[in-house]
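Pulled from TrEMBL:
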TRANSMEM  42-63  transmembrane segment
TRANSMEM  75-99  transmembrane segment
TRANSMEM  119-139  transmembrane segment
TRANSMEM  146-167  transmembrane segment
TRANSMEM  187-208  transmembrane segment
DOMAIN    193-280  domain 'DUF6534'
TRANSMEM  228-250  transmembrane segment
TRANSMEM  256-276  transmembrane segment
REGION    284-366  region 'Disordered'
COMPBIAS  319-330  compositional bias 'Gly residues'
């Protein structure tokens, strides 16, 4: 015979027998402004995942387009990709801690968990790596230690402040206490913005000077690189300024600063890899707005061959004549101008008038 057991509803059970999530003494009540707590956090997590997807595409494009890059450049790109992946995994763990395992538990929602490490600490380290690389490029272009050294000091300062912010947040253990980290977080965000603006300004001045003394065929390429550098550094600086405004302007809602700070590290990695991926543009003579130049010279009929000098551009000669006829031929010289990440060509710039286009020769005469 089947027996039935009566289960009293939770309202009739003594408090000692209530589950942990149902005990009023252990679970804080859900506040009326819950949207201001969970909303910005969820937006930051979604943006972080979106930029992670963009980073995957960028890394794939880099892997396909630049297999012969110097080892230190590859190491830089793949190190940033690894840090980006680690940050994405930690942000995902935070999301599960707050919204899955701790659903409806305000105590867990207020717990920093891994957020004190994956946002301020990793953001600060990633930004330092990117800013240090730009400082190296400034030194390479200007052959001076003063300006890049000063920018590097600011980058180190913001990195130290970011790490201090993470350590302090871990010690406090509560997201609601983010507003107490005034000095550390201010230095971190202001330092990052100053470094980014300085990098954009110095590189802009340097590349403008380089463009004025360059050949006509490379001016457009340098202009494109200049625009990209300014835009990417302005983007990261703007996000830091927005985070600072939210931090100081709305101190009663500390979670509003989560979206901009959650994506800062990924913006740095995506922007730098985007600059790398923009170096090489290949088009033929019908698309003169890009970085390929095509020169056709009439020649007697000759078999096809191709050759490449060390450090030079590919040259191909095509025999275009018919079967036994003595038709004419032409040599098709293709010169690819491949720019490095700062808009300076990597050794393919013409050095003699034999290698120049007529436009280059005229520009040099003037």
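Heads up, the Cβ atoms here are built off N, Cα and C, so glycines get one too.
A TrEMBL annotation is a machine prediction, not a hand-curated record.
Within the chain carrying the transmembrane segment (256-276), a Cβ under 8 angstroms from the stretch's Cβ atoms is held by residues 36, 40-41, 43-45, 47-48, 51-52, 54-55, 58-59, 62, 66, 69, 73, 77, 80-81, 83-84, 87, 91, 119-120, 122-123, 125-127, 129-130, 133, 178, 192, 225, 228-229, 232-233, 235-236, 239-240, 242-243, 246-247, 250, 341, all 6 or more beyond its ends.
Secondary structure by DSSP for the domain 'DUF6534' (193-280): 78 helix, 1 strand, 9 coil.
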